[in-house]
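Going by TrEMBL, these are the annotated features:
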- His259, His264, His434, Ile556: Fe cation binding site (BINDING)
- 9-556: domain 'Lipoxygenase' (DOMAIN)
Amino acid sequence: MELREGLGILPQHETLAQLKEKRAEELSARRHSLRWLEWQAGLPLGVDSKSFLDLPCDTRFDDEKSADFNLSFLQSVQDLGLRVFMNLDGMSWTKIEDFRRLFTRVKSEIAEYISHHWDQDWFFGYQFMNGVNPVLIKRCTKLPENFPVTTNMVKSSLVRECSLEDEIKHGNVYIVDYQCLDGIPGNTFNHSKPFYLAAPMCLLYVNKQGQLLPIAIQLQQKPSADNPIFLPSDSAHDWMLAKMWVRSMDFQIHEISTHLLKTHLLAEVFTMATLRQLSTMHPVHKILPNTLVIFVKVNFYTCGLCGTILPALSIGGGGHFKLGGKGLKALTYRHLCILKDVADRGVGDLPSYYYRDDACSIWKTIHKFVDKILAIFYKSDEDVRGDAELQAFVDDINHALLSNPSNGFPTKFTCVSELSEFLTMVVFLCSAQHSAVNYGQFDFYAWIPNAPSAMRKPPPATKGVVDMPFILQTLPDVQVSCVSMALTWVLSRSAAEKTLGTFQDEPFQNPDALKAMQEYQSDLEVITKSIVERNKTLPIKYPYLKPDKVANSITI
């Protein structure tokens, strides 16, 4: 009775009453120990637990690792040589180059490269494709009515000698819109020194060299006389600060929506539903546990870390919950499926979009593997429809996502192909997607002017008033700069105990499953070699989706 490890069986195929009873008892015990909790209105439900000790032993860190995380922020301050700056609360930097004083112990080639190229327009555009938030840019098919850019405004940026409308028709214009920040108050954690938010729109243009360049920036959603459209032809300081505002708001969206909500919080939902509704003998449970087992553990750490990082963000002080709630309401299932998301955003042919290329390759490889495993256990679509544990699993997920009928998530599984896509999404999100949006944080955020975590002055209401002192008074002060740098160092630490395609234990003993696992690993090795060869030709590498470096689960 106890020697079934590695086999896997659907619940409807259990024949012995004792095994059926044991399976039901296992799930009943799990649902009792892992209960849902509405920890914040408008956000996904999470595990009902006040501390690590309330969790089952196999879903929490051991004491040594917990202690390591508790000390990691202070350790990073020391490792980066920032301790001498931490008491300089409220003190502005006197010139941009002063930020280099924080770089005395930086060991990141990419961060060093960024510190020398951050203010160049081509690199500003590059980050929408290959930075840590590469999921927002989309093709502009029509200018928004509240972003009244004209051909005359951007004529000097258009190199094909045609109108802006024609460039849009030809597919050369892209847009990033931070409308979700509109109406959210800035951080007032320190009431005497509030931080500010904007809700910018940025228009970008692909030139003849294939570079993606910004050509117009509006810092608020409502056009008006005190909300100018900033252009590359404006003064250098006006244009620099406008780009800084976009990068700072991208930082807010990245940390709260792209990173926390769309990897950590969703992963906790998938973890909980797996543990609560799928027996350890269920083949889907056997596909997922190496990916999922870490998540519930990590989110306690992440929520604690937010208590440290939020005072250093413009979005903190309650605004982060409002942004997260907006993000969940707007979240769609298609957005989490990379092939469909690329098509929906119209970025399939955007040049030099390495995140897209690598992510799509990994998605297809995961999908191929999942297809092969499912084919072993589900001989027909009827097997899917008749799987009570599987249907309870997807129902639990929808419950935790607040049962939003417009998000496109399946409410039940009706066929094998539908199940395969969903499981591919879960594995991809919890491994490759998290690696893409997490492990480059220090690289792209260490040079504070490239992505300020907070802005200390409101957006300029007119052109011609910005000079370098104005910019330095807007950027984070010395102490906040150090906090931001130290925390992104902590979050970017590689803690991959297992990489994508490796398994802690052999989840299956079926020969066909073992063959599928071997092919999966071989396919991932091919992707790794391809990325290595490509990166040799690039001035700045894109390493975040190399399968041999992608963590198999969220370990940080």
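Cβ coordinates are placed from backbone N, Cα and C, and glycine is handled just like the others.
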Binding-site residues (His259, His264, His434), the one with most neighbouring Cβ atoms at 10 Å: His434
Where His259 (Fe cation binding site) falls in three-state DSSP terms: helix
Local confidence of the prediction over the domain 'Lipoxygenase' (9-556), expressed as mean pLDDT: 90
